[in-house]
Ligand SMILES: NC(=O)C1=CN([C@@H]2O[C@H](COP(=O)(O)OP(=O)(O)OC[C@H]3O[C@@H](n4cnc5c(N)ncnc54)[C@H](OP(=O)(O)O)[C@@H]3O)[C@@H](O)[C@H]2O)C=CC1
Ligand SMILES: O=C([O-])CC(=O)C(=O)O
């Protein structure tokens, strides 16, 4: 049995706990102070605590579903103590200090940090393309206005008054990941798989006509070229987060349970 602990108890965590595959079980959650009752209400019969050191048993896998602050607060401690960590907070690695802390903790604890593919796909092709030369990658993220509430887009646009698509960010994937911690983890995953945080271009768009969370990758290089486009449905609990993100976590749990891996 793979014993899983979660960080966070929001839309992604609740979906993961509710659909945990056979052979794995969610036994514990790390939450913020005073949030134990809310965590149990969202996840069911789990032990709730505030720190990795308080986990009742050592989990086989800790899954961060909490966002950048959750990874920052608990990731290094978990890895340092040898606990494998899977995270959806990929954009947090845009902070070079946190990336270095995580790398140090991985080396010292001998555990692995896995970055979930999240709301995007085609990371395998990007990884391979990056082994060739001259890789150029642009990521475009397009969501309906509700998907940008609570983000920097609100400072740039009047989201509720939009009559057509508007770009509210254009720059590097590193800037996108840092400025949009809840919305640009995909930009970070594309960057880390491919051309890197500073060479990957990101464009973020609010579009009242968007029927879902649209993510597009355009890549070209010595390998050739590809375009990838996915129209994701949002999770019921959070219009910012695509359902595929929670499914990518479930897929990684299944991958770990299987002797034949893809
Ligand atoms: N890789 C990808 O493709 C994607 C990544 N994401 C990332 O996943 C994150 C979570 O998404 P989602 O579940 O929809 O968000 P929600 O807002 O629904 O849930 C976030 C949860 O994390 C908890 N939390 C926040 N900070 C901490 C902390 N320091 N320690 C412990 N728990 C904490 C919150 O607790 P409380 O209720 O107390 O605030 C809440 O339970 C997003 O913020 C985003 O960064 C999202 C979509 C795609
Ligand atoms: O879920 C999505 O569609 C993408 C997202 O929020 C992110 O990249 O952080």
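For all residues, glycine too, the Cβ spot is worked out from N, Cα and C.
Annotated active site per TrEMBL: 215, in sequence order. Residue 215 (active site) falls within a strand segment according to DSSP. Counting only same-chain residues at least 6 apart in sequence, those with a Cβ under 8 Å from the Cβ of residue 215 (active site) are 119, 120, 139, 140, 141, 142, 186, 229, 230, 232, 242.
Taken from TrEMBL, the feature NAD(+) binding site covers 119, 185. Around the Cβ of residue 185 (NAD(+) binding site), 30 further Cβ atoms fall within 10 Å across all displayed protein chains.
What TrEMBL lists as domain 'Aspartate/homoserine dehydrogenase NAD-binding' is 8-114.
For the domain 'Aspartate dehydrogenase' (163-250), the mean pLDDT of the prediction comes to 97. Taken from TrEMBL, the feature domain 'Aspartate dehydrogenase' applies to 163-250.
Taking all protein chains in view, 24 other C-beta atoms sit within 10 angstroms of the C-beta of residue 119 (NAD(+) binding site).
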